[in-house]
Amino acid sequence: MSESRLVVALDLTDKDRALEIARSIGRQVFAIKINWPLVLAGSGSIIGEIARVSRVVCDFKIADIPNTNSIIAKFARDQGAWGIISHSFTGLESLRSVVEASGDTKVFSVVAMSHPGSDLINDNYRKLMDISERAGVYGYIAPGNKLSDLSEIRKRTKKTIMSPGIGSQGGRASDAIKAGADLVIVGRSIYESADPVTAAEAINEEIAKAVEQN
């Protein structure tokens, strides 16, 4: 099978459960995405622990002044993160500080979001993409449950697009791939499943079929 395009979000506060899931699925997914709940419930060392079994994307949605951004990005980098997610609405210098501090860690900037009420961000994706391009990001975060937005963003870039909004937020992994996503983020549909391994396998198969048809 070709490399997975599935990124599993572990939005948990139970470190032991998160590690259990990570160890069970780490080799069959592209990456595991962690967010503030897991880090705040334990410590930043969770990044390195999960990095032993999978790439780790730190979904910190960094959105502060450049100095603070740099501290957060350096910490994630030093802990072994493969990727970091940052907001772009804070402006060029703030986003550039994340890119510069991240070193080889890939920076994905948020240019559109998946939740209801995100119009303020989503209506300005062109400006956010311009800021992101100038800052030198590796890729973008764009919603997999808002296919028209995702398609328009895909038309404007060849960079890697990672898409949330799949499963519990109504999006389908196959539709997101066909609309232009390179990587698909799925969280609750997997970590709340009675069998996360089987759930991840099913989504991997759905993605693989969509890639073949695309």
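Any Cβ shown, glycine's included, is placed from N, Cα and C.
Residues or ranges marked as active site, proton donor by Swiss-Prot: LYS61. Cβ neighbours of LYS61 (active site, proton donor) (same chain, under 8 Å, six or more residues apart in sequence): ILE85, SER86, HIS87, VAL110.
LYS61 (active site, proton donor) carries a strand DSSP state (E or B). Taken from Swiss-Prot, the feature substrate binding site covers ASP11, LYS33, 59-68, SER114, 164-174, 187-188, and the record attributes it to sequence analysis.
Within the same chain, the residues at least 6 positions away from GLY171 (substrate binding site) whose Cβ sits under 8 Å from its Cβ are SER114, PRO143, GLY144, ASN145, LYS146, SER163, GLY165, listed in sequence order.
Around the Cβ of ILE65 (substrate binding site), a 10 Å sphere holds 12 further Cβ atoms from the protein chains shown.
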